[in-house]
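As recorded in TrEMBL:
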TRANSMEM  A:21-43  transmembrane segment
TRANSMEM  A:55-73  transmembrane segment
TRANSMEM  A:93-115  transmembrane segment
TRANSMEM  A:127-147  transmembrane segment
TRANSMEM  A:159-177  transmembrane segment
TRANSMEM  A:197-218  transmembrane segment
Amino acid sequence: MTLIHQIKFLIRKEIMLEWRSRYALNGILLYVVSTVFVCYLSFREISNPPTWNALFWIIMLFASVNAITKSFMQESRGRQLYYYTIAGPHAIIISKIIYNVLLMLLLSIIALGFYSLVFKNPVGDPLFYMLAVVLGSISFASVFTMISGIASKAGNGGALMAILSFPVVIPLLLVLIKLSKNALDGLDRAVSYDEIAILLAINVIVITTSLLLFPYLWRD
Amino acid sequence: MNKSWWKILAIVLVLFSIIGGFLFHVPAKPILNESIRNIHFHVPMWFAMITMLAVSFVYSIKYLNKGNENDDLMAVESANVGIVFGILGLITGMIWANFTWGEPWSNDPKQNSSAIALLIYMAYLVLRNSMDEEQKRGKISSVYNVFAFPIMVVLLFVLPRMTDSLHPGNGGNPGFNTKDMAPELRPVFYPACLGWILVSLWITNLRFRIRKQENLNS
């Protein structure tokens, strides 16, 4: 099988497995919705747009850590060995990243929708804010996928995942908050090109290092 | 003797930078005044930290390629020493900031970034300690180290340059720029940087040898 064929196959497998149980998907959607609701009940209203923005990204951060932690941990050792026999490590990490990007896109769109529903949406340039959210989903997915692989290999799940991923994701979060703040204020789009370039550059670095490193992690 | 020339050089350079840093003439600038002498102590700490973390990165790559246990020991010991120099850099910086910017923590992007960089490497140590089996520990922590280093470089060298900072070279600091640092500071500043980098290498070397000896005994 060629690489692209393997990747397609693995992504289809991920989606099918998820669709059959819908446990993780429903769980994480409920997680986002209830977090937003808890925030709503404790804040009631947010009159300050930067706070609105920061709270949204904090919710996204925790939701995505929870969503992506599962991507390696839910699979048993035997099943992982089976993948090893049918596909290469590159196909596996790429398929996981793509699947997680899709998951994060779905998650963030629902989160943003519900968040704007309960807290009045002050965004000045909604289309550009969406772009920030899409870039955010891609970045979170690419960073967390590799970290979740590392954490699952180290053998103790949740706590380690948070410790390892938060410091690594902070640079991305800083740029994302700045980019979305620009969109929130409805600034001229040309102002934010720097941030977009930085985000894309970080993503390229993260994905290439993941591709280079995953084969070492995979081998036991 | 011929192998220890760089250790002697390290001692000489650091002693020179301490004496020169406290006694030589410095330009009198508003706000900074005599506190500018701290540049010979604060900045070299960061150079030493970055050097040690880069050493750790290189040895982690080496370990992943060859699987030699000593490379892993070297990687973790240089990360340890890097963290110590990072903490020293933060402390010297906070003392300096207290006098010039008015408070120890002034929400400066470089200050925040360096604190985050320290968090990354502390997470690396936590990750290492969470595993017992040596080969697995070495491999997984090396993967994390190699993964985190490029992000840390972006964090320390790219992001602070995009926003206003109280540090020179980024935004409105009244004193000086890295580009036009006063010429009378340079003869002390450069030897200080080199000296502290050599000292950090020396400490790492010692710690590595102790660790290797412990491994042999156990």
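Glycine too: its Cβ is placed from the backbone N, Cα and C atoms.
All TrEMBL annotations are machine predictions without curation.
Predicted, not measured: the structure shown is a model, and the values here were computed from it.
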Criterion met for the transmembrane segment (A:93-115) and the transmembrane segment (A:21-43) (at least three Cβ pairs under 8 Å): yes
Which residues, given as numbers and ranges, are at least 6 beyond the ends of the transmembrane segment (A:197-218) yet have a Cβ under 8 Å from it? 84, 89-90, 92-94, 97, 135, 138-139, 142-143, 145-146, 149-150, 153, 171-172, 175-176, 179
Other same-chain positions with a Cβ less than 8 Å from the transmembrane segment (A:127-147) and lying at least 6 residues past its termini are 57, 60-61, 64-65, 68-69, 71, 93, 96-97, 100-101, 103-105, 107-109, 112, 161, 164-165, 168-169, 172, 176, 179-180, 182-184, 189, 192, 196, 199-200, 202-203, 206-207, 209-210, 213-214
